[in-house]
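Here is what Swiss-Prot says about this protein:
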| type | residues | note |
| --- | --- | --- |
| BINDING | 37, 38, 39, 40, 300 | ATP binding site |
| BINDING | 132 | Mg(2+) binding site |
């Protein structure tokens, strides 16, 4: 399991934000937690909440995420889908770094990024702030918001390999029982997750709603607008209906609490116009700067069991029994079998490697490739090779004569995908 709880100390970010006036206390926060689906939920909420009712002026909706595959760090912070300018980001960051230094806190990059977001949203007087948070409970910097600032917390799908985080995440439920915050849980979660969260909410008297887990239709049932019919944009990603039900449950709650005024027509229009995120990223990866050599890749984090099953479903639908080539690195502590069982078959070829150090997150380490190689060879396929780093992977593919008629699939960790994208941008001609 990725151990972040022992190495991130939330009091540091508390003290830093207190030094700059506790900007989070002036905000109305919608927390989005979970393993899969946070981006879909937060994007849809941003799209709808910008134009409530008949108001002439757009409402300002802040959005903060650290999970996007393609974003630079300043793009993780946006208002009405417009990213903070690099100049503004750098100015706020500089002020916080100076405060951090004077207080001798030694905040890490994630804590500083979270602080920049909260300061920026407060400065711009955002009416709503959508904060995507991890599952590390009190130890997650995105979970600093407490008390009346947090209006509700939506919990998307929790991957099996992340269930151990629940014991930490549940601390948020205990704190939320003291105000009117509600928890909205994706009903498609495994029974263990549903039962665990339901029991904790019951024990502390915290309201909980669980969304419809069925796939018999793509309808969403609400108290405010009745039944809504949904058309999903990508047939291979039918699981998006679960994320959408969570997002609409948030809006339904806000409407019943008289915190927003949204018509059914507006909601229906939002279903059509929302910029749906996709988990799969196709890339003609430039792996050599001098020659501009490229290779077709398919990138997907697939860093938890549910995401791995979704990727496998797409691969089987698209490529059938065709042998596939995988490049895989996995974060130390993750359970490997739930990530690879759905994906790797005897006819596939696997190259195991590692990602480099993650700036500002020294607790994030890549699983040793030699251990991953032995696991894959014993369990899935004899067609497995080990390379010490990403650049060596492409040299091996070029010299080995291994040819594929479909894209090479890169998966297993968000960090290998981000490192690959960084290298790609460095290799592109100026």
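Quick reminder: no glycine exception, Cβ is built from N, Cα and C everywhere.
In the three-state DSSP assignment, the secondary structure recorded for residue 132 (Mg(2+) binding site) is strand. In the structure as shown, the Cβ atom of residue 38 (ATP binding site) sits within 10 Å of 27 other Cβ atoms. Distance from the CA of residue 38 (ATP binding site) to the CA of the residue listed as 'Mg(2+) binding site' is 7 Å. Residues 37, 38, 39, 40, 300, recorded as contacting ATP, have a largest CA-CA distance of 16 Å.
Of all Cβ atoms in the shown protein chains, 23 besides its own fall within 10 Å of the Cβ of residue 132 (Mg(2+) binding site).
Residue 38 (ATP binding site) falls within a helical segment according to DSSP. In sequence order, 156, 157, 186, 239, 240, 242, 243, 246 are the residues of the chain that are 6 or more apart from residue 37 (ATP binding site) and have a CB within less than 8 Å of its CB.
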